[in-house]
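Quick look at what TrEMBL lists:
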{"type": "ACT_SITE", "residues": "A:Lys98", "note": "active site, schiff-base intermediate with DXP"}
{"type": "BINDING", "residues": "A:Gly159, A:Ala185, A:Gly186, A:Ala207, A:Ser208", "note": "1-deoxy-D-xylulose 5-phosphate binding site"}
{"type": "DOMAIN", "residues": "A:8-250", "note": "domain 'Thiazole synthase ThiG'"}
Amino acid sequence: MADDPFVLGGTAFSSRLIMGTGGAPSLEVLERALVASGTELTTVAMRRVDPGVRGSVLSVLDRLGIRVLPNTAGCFTAGEAVLTARLAREALGTSLVKLEVIADERTLLPDPVELLDAAETLVDDGFTVLPYTNDDPVLARRLEDVGCAAVMPLGSPIGSGLGIRNPHNFQLIVERARVPVILDAGAGTASDVALAMELGCAGVMLASAVTRARDPERMAHAMRAGVEAGRLARLAGRIPRRYLAEASSPAEGLAVLDPERPAF
Amino acid sequence: MSSRTSDVLVIGGGIIGLVTAWRAAQRGLATAVVDPAPGGGAARVAAGMLAAVTELHYGEQTLLGLNLASARRYPDFAAELTGLTGQDLGYRRCGTLAVALDADDRAHLRELHALQQQSGLESEWLSGRECRRLEPMLAPGVRGGLRVDGDHQIDPRRLAAALVTACERTGVVFHRDWAERLEVVRGRAAGVVTRAGAALGAGQVVLAGGSLSGRLAGVPDDVLPPVRPVKGQVLRLTVPARYAPFLSRTVRAVVRGGNVYLVPRENGELVVGATSEELGWDTTVTAGGVYELLRDAHELVPGITELPLTETRAGLRPGSPDNAPLLGPTRLDGLLLATGHYRNGVLLTPVTGDVMAQLLTGGELPEEARPFTPRRFGTVLVEQTA
């Protein structure tokens, strides 16, 4: 959708789908899925990949011309996250960072206090910060206030595939935000991402829903179509919900199909 | 080239290189292996699960065929190797139990069971209580499991040592040095030059360098195998005699998405593995790696905390883009590959030796190995920094 670019941290993308690489069964399957998704931006866990060594997922992204979005997955404190982000910037030469500060291993929910601290530090340090956050409208606003370039609320816990559990919170976040709102975590299937876009998200970030699907390439295609469908529906504007039916075919001026019976 | 020539020169004396050399020498080819420390490599770290059935993944049905073909060869292969060398390989036909600890992991295991059944594999679904009757040391919270009696184990260190002996007994020559550079003469691989400067000529060269296969100098770029190192940290515990048998078969689980397995040897060694990390050539054992393995293993078998922790180690799996090995001729005449075995090197050792020997003597890759030709990768997919 060339006339509807997705601007993130000053860069315009034509795809609104940000992919992750975790959980892919093989590099080859990952590559086919990335191509099918049409993504232009893909996140990589800096703690799990050594950017100094070519030969892994980074060379796949490089070959496909996909921009790398380093993330701080696996960090539990603001201190670790800031350190990881700085190492990533040094290694990859990008100031983009997807900021994750996890509170607890069972739920992988963000730690809001550490997250806000880390976001503030990294913004001051010149980073373009994209924080993975709870679906809390107040926290989303605070993250925006400290200078984050987007907010990335979770639909449901990472890898759960439970979709958007609180669509109302998403509406509240989208309504107030002056930065892009990106669904991050929880997408399970194409209708989940379509809903996110219909609710006004500017983009969707997902990994497991594709990489752990039986056929990752096909699911990536489905997600791409879901994002586009949801975005178009949002821009087109849905019809108001009505209590009773309203016929879609006009009742006036119908052709007379049966000459024996006059039309009204 | 110097006078030190052979029919076949194998670069790399890990289990894949050794089995190739042994089988080639058995068929009458004058065979040499170049490796600074034959019998080393990833097999020093690997647990040695022969897990064709429990390691099944969506989209890897072709690899399953080769894995099963190799698993079928194992009893005769092990008997032949032991017969020749007199060495015990720790080959144990004990089976495997894959269990789930919570509802999510149980659903995942159910899916694996369905896939196994679709693929015609033998595995039996057990309730949590049935699992614990088989293995009483399992945590009481086990929610169910898969009993796979066909997934056995071998001790890869003993396998490697026996293969070195087998090679020696069969007349394989060992050059204990690094292969520094491939020599190409008139468009054909002609041998290698070693780090010490020795020129080793050969009619056919087999590159079996494990994770290092992608960085041999002198190999043309479009022939260099797309193999990358995938780090795995593995722990070794010891089961004291008073606790024996502790576990009677391999026990494995997916704990919150991460794989953990416990492989009990007859000699009391208990192998706990493995992490899977894309960190290049790093082989550091980290606090986090050890912690995660022990945490998950403890959740599975609480009693392990009583056991001595005797060894921690990290190795590098040779990963290929589709997780399957690269077997056969390359675009460079005279250069063959036997590498990229990733998680299945120990399992695939017997079939690799057989198909490589057939190729080296007959010039044709046997039918069962044809899907694994290195030519399936159009161009070089992975570049390696030296």
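Heads up, the Cβ atoms here are built off N, Cα and C, so glycines get one too.
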| task | Rounded to the nearest Å, what's the C-alpha distance separating A:Ala185 (1-deoxy-D-xylulose 5-phosphate binding site) and A:Lys98 (active site, schiff-base intermediate with DXP)? Just drop the number here, would you? | result | 13
| request: Determine, from DSSP, whether A:Ser208 (1-deoxy-D-xylulose 5-phosphate binding site) sits in helix, strand or coil. | output: helix
| query | Can you tell me how far the Cα of A:Gly186 (1-deoxy-D-xylulose 5-phosphate binding site) sits from the Cα of A:Lys98 (active site, schiff-base intermediate with DXP), in Å? | reply | 16
| From the Cα of the residue listed as 'active site, schiff-base intermediate with DXP' across to the Cα of A:Ser208 (1-deoxy-D-xylulose 5-phosphate binding site), what is the distance in angstrom? | 17
| request: Look up A:Ala185 (1-deoxy-D-xylulose 5-phosphate binding site) in the DSSP assignment and reduce it to helix, strand or coil. | output: coil
| said: Neighbour count first, Cβ atoms within 10 Å, every protein chain included; then name which of A:Ala185, A:Ala207 tops the list of binding-site residues. | reply: A:Ala185
| query | What other residues of this chain sit with their CB within 8 A of the center of the CB atoms of A:Gly159, A:Ala185, A:Gly186, A:Ala207, A:Ser208, the recorded 1-deoxy-D-xylulose 5-phosphate site? | reply | A:Gly20, A:Pro157, A:Ile158, A:Ser160, A:Gly161, A:Ala187, A:Leu206, A:Ala209
| In whole Å, how far is A:Ala207 (1-deoxy-D-xylulose 5-phosphate binding site) from A:Lys98 (active site, schiff-base intermediate with DXP) when you measure between their Cα atoms? | 14
| query | Chain B sits near which of the recorded positions A:Lys98, A:Ala185, A:Ala207, counting only a Cβ gap under 8 Å? | reply | none
| query | Can you tell me the three-state DSSP label for A:Gly159 (1-deoxy-D-xylulose 5-phosphate binding site)? | reply | coil
| Nonlocal residues around A:Gly159 (1-deoxy-D-xylulose 5-phosphate binding site), in sequence order (Cβ under 8 Å, 6 or more apart) | A:Gly23, A:Leu108, A:Ala185, A:Ser208, A:Arg212
| said: Using a 10 Å radius around its CB, how many other CB atoms surround A:Ser208 (1-deoxy-D-xylulose 5-phosphate binding site)? | reply: 20
| remark: So A:Gly186 (1-deoxy-D-xylulose 5-phosphate binding site), by the Cβ count within 10 Å over all chains shown, scores 25
